[in-house]
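Engineer: Pasting in a structure now, in structure tokens, and then I'll have a few things to ask.
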Ligand code: PGA
């Protein structure tokens, strides 16, 4: 596998904060990175605030930290009450869009087919899709995690996906927000399965970034980030504090 890219440390702020706290977090990231510019050499960064905070965060974000949204609409524009289009995300200078997060799948019934359609819309506008996959606790207990993740990749990642327009995030559902992290052996096994699958599925599958997500914290970051085929992290809870988020990046050696 070619290792040409920096690790990507992406923060998923989920439905947290206020306009003031979101802008403050962006400012704090800038201050932290100014003190420790080596982190920008080791990692690429992105933060994904709630839609209504995107613009305020954009205005405060330091160079080297990209902006992302947590979802996008399935349609280009029109009578879709409550939805946010990819054009609107481009307008506020987003670079990334998280798609198919397990919370979207669970609470909004999002399907792999919808994720693929949204990703295709992102590609039209040069937005990079962060496509999330991962098995539930029951599926892991039954030993069918590879089958589940393989199916999600086959259905949710469009054939036009490239290493430039797509990042995969493996997030075991049972590890999200629970404090439980998959063991380094399990992460290694799943990421190598995903790598093999992507290589078979896509011309650029060998170079596509595969992030790990699920209770990534400063104290487990170094082990996780040094695991083979782990090209970064998608961080929820620990991305809400600038010092913790940057401490995770410090784990990238
Ligand atoms: P967590 O969330 O780090 O709080 O487990 C990760 C995610 O859902 O992206």
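Every residue gets a Cβ built from N, Cα and C, even glycine.
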Engineer: Which one of 64, 164, 177 goes with 12, 13, 14, 215, 236, 237 at the substrate site, as TrEMBL has it?
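Structural biologist: Looking at 64, 164, 177, the one TrEMBL places in the substrate site next to 12, 13, 14, 215, 236, 237 is 177.
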Engineer: Around the substrate site formed by 12, 13, 14, 177, 215, 236, 237, list the extra residues of the same chain whose Cβ is within 8 Å of the site's Cβ centroid.
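Structural biologist: Neighbours found: 176, 235, 238, 239, 240.
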Engineer: Tell me, if you would, which residue among 12, 215 (binding-site residues) has the fewest other CB atoms within 10 Å in the structure shown?
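Structural biologist: It is 215 that, of the binding-site residues 12, 215, has the fewest other Cβ atoms within 10 Å.
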Engineer: Would you kindly give the Cα-Cα distance separating residue 101 (active site, electrophile) and residue 236 (substrate binding site), rounded to the nearest Å?
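Structural biologist: Counting only the Cα atoms, the answer is 11 Å.
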Engineer: Counting only residues 6+ apart in the same chain, whose Cβ is under 8 Å from the Cβ of residue 101 (active site, electrophile)?
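Structural biologist: In sequence order, 12, 70, 71, 132, 171 meet the Cβ cut-off.
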